[in-house]
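Visitor: Below you'll find the structure I mean.
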Amino acid sequence: MMNRSEMQKLGFEHVRYYTESPYNRGESSANVATTSNYYGEDEPYVEITLDIHDDSVSVYGLKSPNHRGAGSNYEDQSLLRQGRSGRSNSVLKRLASSVSTGITRVASSVSSSSARKPPRPQLAKLRRSKSRAELALKGLKFITKTDGVTGWPEVEKRFYVMTMTTNGLLHRSRFGECIGMKSTEFALALFDALARRENVSGDSININELKEFWKQITDQDFDSRLRTFFAMVDKDSDGRLNEAEVREIITLSASANELDNIRRQADEYAALIMEELDPYHYGYIMIENLEILLLQAPMQDVRDGEGKKLSKMLSQNLMVPQSRNLGARFCRGMKYFLFDNWKRVWVMALWIGAMAGLFTWKFMEYRKRSAYEVMGVCVCIAKGAAETLKLNMAMILLPVCRNTITWLRTKTKLSAIVPFDDSLNFHKVIAIGISVGVGIHATSHLACDFPRLIAADEDQYEPMEKYFGPQTKRYLDFVQSVEGVTGIGMVVLMTIAFTLATTWFRRNKLNLPGPLKKITGFNAFWYSHHLFVIVYSLLVVHGFYVYLIIEPWYKKTTWMYLMVPVVLYLCERLIRAFRSSVEAVSVLKVAVLPGNVLSLHLSRPSNFRYKSGQYMYLNCSAVSTLEWHPFSITSAPGDDYLSVHIRVLGDWTKQLRSLFSEVCKPRPPDEHRLNRADSKHWDYIPDFPRILIDGPYGAPAQDYKKFEVVLLVGLGIGATPMISIVSDIINNLKGVEEGSNRRQSPIHNMVTPPVSPSRKSETFRTKRAYFYWVTREQGSFDWFKNVMDEVTETDRKNVIELHNYCTSVYEEGDARSALITMLQSLNHAKHGVDVVSGTRVMSHFARPNWRSVFKRIAVNHPKTRVGVFYCGAAGLVKELRHLSLDFSHKTSTKFIFHKENF
């Protein structure tokens with residue numbers, strides 16, 4: 001301790017010692033203050049904070065509590081950092097040397113004090129180092145990128161517009177709107193906090209006060225922002241938070257992050273924080289203690305797996321310098337394109353080549369006929385386009401023969417060279433080819449051939465008389481012929497079907513008036529596509545009465561093109577009708593889940609064999625007898641039931657949910673009906689709507705077993721096929737573990753049955769699976785809660801790495817989500833449950849940094865083929881595909897991207 005004369009030289013009378021040890025630093029709980037109080041409390045003193053760790057002690061802080069001015073505060077953070085590194089100023093050096101003799105006494109005092117008090121409960125897995133805390137301090141933000149960062153000129157402009165009728169005063173209720181903040185509740189609390197800090201009274205502010213408020217909001221200094229945040233709940237400014245204020249801060253954060261479950265459980269979580277920071281039941285906690293808990297690093301339930309050096313090397317490899325030679329850049333780009341798309345390239349080349357060959361053949365054939373002398377090149381073009389139309393009208397049916405494609409991709413090796421994943425896209429490309437062909441064919445006839453026939457003289461027309469009959473001068477006679485009527489009819493019907501099949505109409509993206517809106521959507525697309533029954537009938541008739549051909553019907557080629565595809569497609573439809581009606585399925589369980597999702601558990605027919613990632617069609621005759629809708633199967637192949645999760649969006653799904661919701665409603669007490677739609681607990685068999693299924697059908701995600709490492713990405717309801725894959729991996733892990741246990745048993749060692757070749761081919765290959773599920777609603781995590789918990793219980797070898805992202809929560813590092821992050825770590829450490837998802841899997845906030853995700857996988861798995869499987873909205877497809885190609889080109893890891901048609 002300093003003697004009195006030494007203290008007087010510095011201008012102070014007493015010294016108060018505060019110690020920091022591993023017990024009270026960020027590695028455990030709140031600070032513990034040990035006071036050496038040799039004189040009266042009213043006399044001046046100096047506070048010295050000592051950092052005691054094992055046998056080492058260092059000065060951590062120095063200040064005069066009785067002198068709060070800027071000149072008397074020695075606890076500047078930069079000064080302390082210098083002091084700890086040997087670069088302190090003279091005052092700190094003198095104090096450090098003077099107190100060195102009292103360090104041992106203080107340390108022993110702290111140890112004895114700690115021994116007398118009951119130890120605070122230690123939370124396993126809650127750890128932070130000072131470096132991580134400093135990073136958190138620098139990165140913590142108060143306002144997100146979308147709230148309040150529009151810039152002062154915009155805020156000022158809005159202020160003047162909003163205060164035109166209020167004499168230049170902005171009311172408290174419109175403060176959030178003025179600064180561009182969406183959360184009204186958060187904006188009101190922010191206004192009150194800033195008003196207290198700036199000593200502003202009343203519920204209105206002028207432009208100068210708003211500018212001061214704006215400076216506080218946009219201040220990049222962490223301390224200022226954190227003080228503002230705590231001022232929002234510490235309304236009496238005493239530096240203490242009681243349980244009610246802690247509850248308010250939790251409610252405030254939950255409201256800003258749209259987390260209704262946390263808001264409803266605010267009392268429980270407030271009690272949890274008080275239990276941690278107020279073990280002696282003083283009834284309050286200090287704000288600085290809550291700051292320590294806020295800075296706890298979120299627990300990581302996964303291993304990073306890469307070092308800084310590897311990460312740096314990879315970053316350097318990804319920065320490929322651009323060649324100045326345009327030829328070299330073009331060649332490299334073409335090389336990458338062919339390498340990534342060679343399956344699509346050869347299929348498209350074959351298709352385009354076939355069309356070009358047919359067009360050229362017919363063009364040259366009619367170039368030599370007498371019709372060329374009358375109608376010229378127009379008839380050659382019309383007949384060439386007609387031949388391509390025959391091919392395309394036949395081929396467009398093949399990509400939608402789902403049973404055939406499923407059999408080919410599952411039972412044959414053709415998937416190695418044929419891009420079955422692009423079957424629907426190829427269907428659309430052929431439709432475009434048909435549109436172009438129809439345009440050329442119809443225009444050539446209507447705008448060129450018919451006018452030339454009318455204008456031809458008798459000698460020119462004579463060779464055409466055997467095809468068209470006596471010459472007519474009326475244009476309408478050609479249009480009203482069988483060929484003309486059937487052709488125009490096909491064009492009209494195809495135009496309707498093609499238009500309603502476009503994304504704008506099929507997904508109701510156009511803002512149409514009420515009456516017109518009813519003729520758009522999936523139902524309009526579904527029913528309009530059935531017009532092709534009429535189209536193909538007209539096509540056969542049109543081909544029978546085709547112009548310029550008078551041979552018998554069996555020598556005409558239209559029916560030859562169509563016969564095989566049409567018969568194949570009709571067989572597909574018959575198989576669907578037969579398969580769905582032979583063995584009916586019963587509903588085992590129904591649940592209406594948060595986020596407008598209907599979960600159905602159905603009995604599994606004995607002959608229904610499928611793979612994870614595949615889908616099936618559902619039909620509910622109570623809604624519509626004709627409509628069949630595809631849904632991914634969420635159960636695993638090893639389960640004894642079938643499950644689907646249906647997002648309620650369109651008319652059909654809304655009616656389906658309404659029907660099942662009626663079944664789930666509780667009956668009056670006298671009817672003795674249990675309030676749950678689970679057949680295992682029913683007192684009687686409920687009257688569920690009849691469900692028919694058809695499938696399974698192949699999908700891109702079913703190929704996950706071809707890869708040892710897979711990256712599964714699901715957006716919202718797009719997680720459904722990925723959940724089936726995760727469940728399948730769990731079942732396989734259980735099977736491998738059970739097999740290992742059997743081999744280790746003495747009985748198994750006595751008799752070991754041989755493994756068949758088929759069993760060897762089905763060996764489980766997946767060694768690592770990364771699952772990223774991104775959803776906006778917190779309630780979405782309830783959909784697959786059981787699966788998430790099962791992963792944490794079963795996956796002892798860490799094969800599956802789960803990442804749940806809730807985008808409604810502000811990004812990590814924002815003050816409004818800092819409370820959620822702290823609460824998340826605290827609750828998970830104590831109860832093993834994540835407060836956001838309600839599962840044992842820790843959730844992340846905002847959206848993933850996909851480049852970092854790919855970078856991490858590339859570092860962890862060099863020279864490996866990684867299967868990337870995505871299902872969700874189309875907005876993310878481009879980014880994931882680009883990253884897959886980019887990392888495949890620039891690293892030794894090859895990412896193979898698969899997109900589910902969603």
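The backbone N, Cα and C atoms fix where each Cβ goes, glycine too.
Computed from a predicted structure; not experimentally measured.
Pasting the relevant annotations from Swiss-Prot:
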- Asp234, Asp236, Asp238, Arg240, Glu245: Ca(2+) binding site (BINDING)
- 575-703: domain 'FAD-binding FR-type' (DOMAIN)
- Ser311: phosphoserine (MOD_RES)
- Ser315: phosphoserine (MOD_RES)
- 63-87: region 'Disordered' (REGION)
- 107-130: region 'Disordered' (REGION)
- 163-173: region 'EF-hand-like 1' (REGION)
- 198-209: region 'EF-hand-like 2' (REGION)
- 738-760: region 'Disordered' (REGION)
Visitor: Is the region 'EF-hand-like 1' (163-173) packed against any residues at least 6 beyond its ends, judged by a Cβ distance under 8 Å, and which are they?
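Guide: Same-chain residues near the region 'EF-hand-like 1' (163-173) but 6 or more away: 188, 191-192, 203-207, 210.
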Visitor: Using DSSP, what is the helix/strand/coil residue split across the region 'EF-hand-like 1' (163-173)?
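Guide: DSSP composition of the region 'EF-hand-like 1' (163-173): 2 helix, 2 strand, 7 coil.
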Visitor: Quick one: what's DSSP say for Arg240 (Ca(2+) binding site), helix, strand or coil?
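Guide: In the DSSP reduction, Arg240 (Ca(2+) binding site) maps to strand.
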Visitor: May I ask you to report the DSSP-based helix, strand or coil state of Glu245 (Ca(2+) binding site)?
Guide: helix
Visitor: DSSP-wise, what's the residue breakdown of the region 'EF-hand-like 2' (198-209) into helix, strand and coil?
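Guide: So the region 'EF-hand-like 2' (198-209) is made up of 3 helix, 2 strand, 7 coil.
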Visitor: For Glu245 (Ca(2+) binding site), list the number of other Cβ atoms lying within 10 Å of its Cβ atom.
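Guide: If we count other Cβ atoms within 10 Å of Glu245 (Ca(2+) binding site), we arrive at 21.
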Visitor: Any idea what the model's mean pLDDT is for the region 'EF-hand-like 2' (198-209)?
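Guide: Value for the region 'EF-hand-like 2' (198-209), mean pLDDT as a whole number: 86.
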